[in-house]
Amino acid sequence: MILLISDLHLEQERPDITRAFLALLAGRARTAEALYILGDFFEAWIGDDAMSPFQRSICQALRELSDSGTRIFLMHGNRDFMLGKGFCKAAGCTLLSDPSVVQLNGEPVLLMHGDSLCTRDEGYMRMRRYLRHPLTLFILRHLPLSTRHKLARKLRNESRAQTRMKANDIVDVTPDEVPRIMQQFGVRTLVHGHTHRPAIHKLQIGDQSAKRIVLGDWDRQGWVLQVDEQGMNLGSFDFVPETVALLN
């Protein structure tokens with residue numbers, strides 16, 4: 001069994017999400033071969049040298065899962081692209097490049113966070129290229145912590161405001177970009193997050209059937225894609241104690 005999740009946006013202000021995630025780690029994830037986290041794991045990340053006690057507790061929980069035998073793979077999102085090797089080493093997880101092709105049930109599957117598919121949002125794509133540039137990352141990592149905190153708050157507030165103002169199709173994936181990148185990597189299955197629009201989309205690429213699985217965000221409920229001998233099942237659960245207990 002392999003589990004895939006994304007867009008938890010973990011932060012101390014949302015203990016309900018944290019409880020649900022920790023229940024997943026202590027339960028179903030313990031029997032999984034691997035856990036893939038496809039970006040926006042944290043609501044914000046300003047550097048491995050600036051871990052808060054809350055973030056350290058999450059790191060320790062991941063380490064315990066890793067030590068139990070479950071492999072953990074972590075991909076950058078647009079909120080936590082500064083996660084680095086230091087965190088991954090401490091958490092016992094492997095940093096996964098975006099995009100990456102992995103074998104799931106013997107089939108090559110393309111994994112992405114999903115923000116790079118939203119090419120119609122030209123302003124965001126420009127900002128993404130700037131923030132992910134190695135020189136920008138070097139500068140950001142060497143800014144004082146207070147400056148990084150202020151910058152992170154500013155970027156989050158601007159992102160939320162701009163998203164509310166943009167048309168729905170602009171902040172969703174570009175339809176033509178999906179088959180293009182799937183053909184580029186030679187896959188018939190794509191799994192991504194970012195858009196907060198969980199669904200399984202069927203599509204046609206040439207003469208072959210294909211599918212795009214969109215993971216949900218953990219805001220009002222949690223979402224997990226489970227891959228096993230039965231196939232790929234995208235499911236959700238509520239953040240109530242009775243439902244969270246079922247994750248065990």
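Quick reminder: no glycine exception, Cβ is built from N, Cα and C everywhere.
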Same-site residue for Mn(2+) 1 (record: Swiss-Prot; known: Asp7, His9, Asp40; options: His192, His196): His196
Asn78, Asn157: which one does Swiss-Prot list with Asp40, His113, His194 for the Mn(2+) 2 site? Asn78
Using Cβ-Cβ distances, find the residues under 8 Å from His194 (Mn(2+) 2 binding site) that belong to the same chain and are at least 6 apart in sequence, listing them in sequence order. Ser6, Asp7, Gly39, Asp40, Gly77, Asn78, His113, Gly114, Asp115, Leu117, Cys118
Around the Mn(2+) 1 site recorded as Asp7, His9, Asp40, His196, what other same-chain residues have a C-beta within 8 angstroms of the site's C-beta center? Ser6, Leu8, Gly39, Gly77, Arg79, Gly193, His194, Asp217, Trp218, Asp219
When neighbour density is defined as the number of other C-beta atoms within 10 angstroms of a residue's C-beta, which of the binding-site residues Asp7, Asp121 has the lowest density? Asp121
Please classify the secondary structure at Asp121 (substrate binding site) using three-state DSSP. coil
Distance from His9 (Mn(2+) 1 binding site) back to Arg79 (substrate binding site), taken between C-alpha atoms, in Å: 8
